[in-house]
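Input: a single structure, listed below in structure tokens.
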Amino acid sequence: MKILKPYMRNTSILYYLCFLLNSHFLTEAGIHVFILGCVSVGLPKTEANWIDVRYDLEKIESLIQFIHIDTTLYTDSDFHPSCKVTAMNCFLLELQVILHEYSNMTLNETVRNVLYLANSTLSSNKNVIESGCKECEELEERNFTEFLQSFIHIVQMFINTS
């Protein structure tokens, strides 16, 4: 199972550092190192999670062979590279439909992980304004298999540019 918060992987190292510096708290330098160490625990890492997103999407692809998903989702199959953030936001909104319509625990857990990883990685691009892009509702509705193929394609574009 994937870690839902991959940027928290190395926090235990900082805790050990804090305990190590415990004997040096009486010095001003020790206090500064301790405070900076504690502050850095809350800062997210900037590493891209797109490879993990692609892995989870491929896992969903294998899961749907055993689960009958009869839904159509707005799918941007021919998006322009200058609209990739807008297209990704549409894919993420549509993926939430699966959470609401299907109750398979493994599927929902994987979908939640995709949403979390993609949103946390995309958060730095949330305020990007891309002009001339289609709204989500203007996109063509496709079945879930085609939706996943297009989703994997756009994630691959993010991997190639990071």
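Cβ coordinates come from backbone N, Cα and C, glycine included.
Between Cys133 and the candidates Cys38, Cys83, Cys90, Swiss-Prot records the disulphide bond with Cys83. Spatially, by CA atoms, the recorded positions Cys83, Asn108, Asn119 include one closest to Cys136 (disulfide bond), and that is Cys83.
Looking only at Cα atoms, Asn143 (N-linked glycosylation site) sits nearest to Cys90 among the recorded positions Cys90, Asn104, Asn119. A separation of roughly 29 Å, to the nearest angstrom, links the Cα atoms of Asn108 (N-linked glycosylation site) and Cys133 (disulfide bond). Between Cys90 (disulfide bond) and Asn119 (N-linked glycosylation site), the C-alpha separation comes to 12 Å.
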